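TrEMBL lists B:20-49, B:61-82, B:108-132, B:139-161, B:167-187, B:262-284, B:318-345, B:357-377, B:389-407, B:466-489 with the feature transmembrane segment. What TrEMBL records for B:20-441 is domain 'DUF112'.
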Amino acid sequence: MAVDYGLWRHGGPSAGLFPFAAAVLLLGAGVGSMIAAPDDAGGEPIAAGRFLRYGTVIALYPLLIAILGTLAATTLVFLVILRAIERQSWASAVTCSLLAAAGSWALFGYLLDVPLPRGLLD
Amino acid sequence: MDVFSGLIGGMGIALSPLNLLVALVGAVVGTAVGVLPGLGPTATVSLLLPISAMLDQTSAIILLAGIYYGAMYGGSLTSILMRVPGEAASVITCLDGYAMARQGRAGVALGMSAFGSFFAGIVATFGIALLGPAFAETALAFGPVEKAALVLFGLTLVAGIGEGPTVRAWAMVGLGLLLATVGVDLVSGEERYTFDTPQLRDGFNIAILAMGVFGMSEVLVAAEKISPPEPIAAVGRRLRDLLPNRDDWKASAGPIARGSGLGFLLGLLPGGGALIASFASYLMEKRLSRHPERFGKGAIEGVAGPESANNAAAQASFIPLLCLGIPSNAVIGVIMGALLMQGVTPGPRLVAEHPDLFWGVVASMFIGNVMLVILNVPLVRVFVMLLRVPQAFMTPFILLFCVVGAFSINNSLFDVSVMIVFGFLGYGLRRAGFDLAPLVLAFLLGTLLEQNARQALILGFGSPSVFLHSPISVAFLAAAVLMLSVPVMRRLVPVVR
């Protein structure tokens, strides 16, 4: 793609020169990394189920905000994380979720005037 | 008017009840803005422009300046406690500040950050009063050719910042440079890697990238743990136990002094400022250290130097504005707008035509820095108590901070999604053994390098020899070649022997 943008035009560098140089560096160093330390990656095993649940919630968070609004989406995300993933009691999960949602709304939405999304109800 | 009588007169202005109040408001608001990720000083100063217009010119600039350097104090807080940079200039503090917090030394990191910022603020204020105009003229010697050479030299240092093999750091440099090219090419107007997505036309925001690869990846690292995360080492309850001890001071004195000087100089350069100063200071401290392997694992020098540098740079950037009428970064640009709204044209005649404004603002910087250290140090104990929050509760709060912070930069859910994507990317790279600091730094330097190098080549009619016509450029390029050749020479010498 960088080449398509053009590397050198009208006696000077074009839009593609720097992306091309960066890509060459990335490719060269990437290959070099694999040769230099091929088995260095990995590390300790991971809790795949827990990671998948967290990852799903995080990936869905912006979508939930767009649909439900920041307040409801934050409450829901906190509830799911604290109750379903972190196995906290219902009482502490509900209290913390409501406090986090209300607190973030009060600070950013009210005090700092950030127009936090209100969802499809807006 | 000489410097001494100017400062005395300025003190009289800055100590008036109204100016003391606006300095306090600026310091408090700035600290809060620094703590909250996303909402940076540029946006806040812009929001407060109408309020500043109601004040007289000196009070208005004292308020806006207080917000700017107050943000430098506050920005380190979430970097140290959560690995989420509250302000772009505190990105580098995530590396060692957070590691220190995990070792139960959050109070030391926060304390040293506040004291270092205070010292740097005082040094920079003296610098502005004594040397400002002269240095500002020197800064004009840095055109696109010199700046491109300086940034290129900086990139050769970046590879040394990361953990692990240098070749991996270079891979991250390549990725950072590539990410920096996303968006509309400022020279040709051509869109690059935007895939017809309007939100990508302005490229990626450094704060979004940093929040993603540092903050969000931290959430994902916590999510993957089979066993509960290692508890944070016990921390004392008394303020005295939390603050830096004699050894910490000994280790930090040099970095604070060097960071203050370096930050001051870089703050003078157009296009420079707090962000670059903090990175440059970190690189310098790591290079100078006898134990560079400690960096990234809780080296106090990695907090003291950058935090001093960003505050010194924030204040020094007022020199090109007040003495030359050149805004060196976006925040200063908005403050310049405030000056123009007040009917004051910044430039070489400002000190002579508006001495009350110049010396009043300089004197208020002393007062503002004293206020900030008084506000911040006693609060260290309160901030450190946040670390007692169990990880199960802390993780969703970091997530919330990142999401709301990313949204508030441009009020865009697209930015939130981009931040999350960067989080997964950062997590994957961490798992693969790559260090993320070179990526973020190269991203920052990439835009500067491309803009300046292309301008330089246009000035030189496409001939790279333009870089050899300036002695400053030649010096930086020679230093870059030296930096690249030293590791090669080190490998070759034993082979030859």
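Just so you know, glycine gets a Cβ as well, placed from its N, Cα and C.
Contact count against the transmembrane segment (B:389-407) (Cβ pairs under 8 Å) is highest for B:61-82, out of B:61-82, B:357-377, B:466-489.
Within its own chain, the transmembrane segment (B:357-377) is flanked in space by residues 1, 6-7, 9-11, 13-15, 19-20, 23-24, 26-28, 30-31, 57-58, 61-62, 65-66, 69-70, 73-74, 110-111, 114-115, 117-118, 121-122, 124-125, 128-129, 239, 243, 315, 318, 322, 344, 350-351, which lie at least six positions past its ends and keep a Cβ under 8 Å from the stretch.
Highest Cβ pair count under 8 Å relative to the transmembrane segment (B:262-284), across stretches B:61-82, B:108-132, B:139-161, B:167-187: B:139-161. Counting residues 6+ beyond its ends, the transmembrane segment (B:61-82) has Cβ neighbours under 8 Å at 14, 19, 22-35, 37, 40-41, 44-45, 48, 51-52, 55, 88-91, 93-94, 97-98, 100-101, 106, 109-110, 113-114, 117, 121, 215, 218, 274, 303, 307, 310-311, 314-315, 318, 331-332, 334-335, 338-339, 357, 360-361, 364-365, 368-369, 372, 376, 383, 386-387, 394, 397-398, 401 in the same chain. Distant neighbours of the transmembrane segment (B:466-489): 141-143, 145-146, 148-150, 152-153, 155-157, 160, 166, 456-457, 459-460; these residues of the same chain sit at least 6 beyond its ends, with a Cβ under 8 Å from one of its Cβ atoms. In this chain, the transmembrane segment (B:139-161) lies close to the transmembrane segment (B:167-187): three or more C-beta pairs between them fall below 8 angstroms, excluding pairs fewer than 6 positions apart. Sequence-distant neighbours of the transmembrane segment (B:167-187) (same chain, 6+ residues past either end, Cβ-Cβ under 8 Å): 155, 158-161, 193-194, 200-204, 209, 429, 433-447, 449-451, 454, 458.
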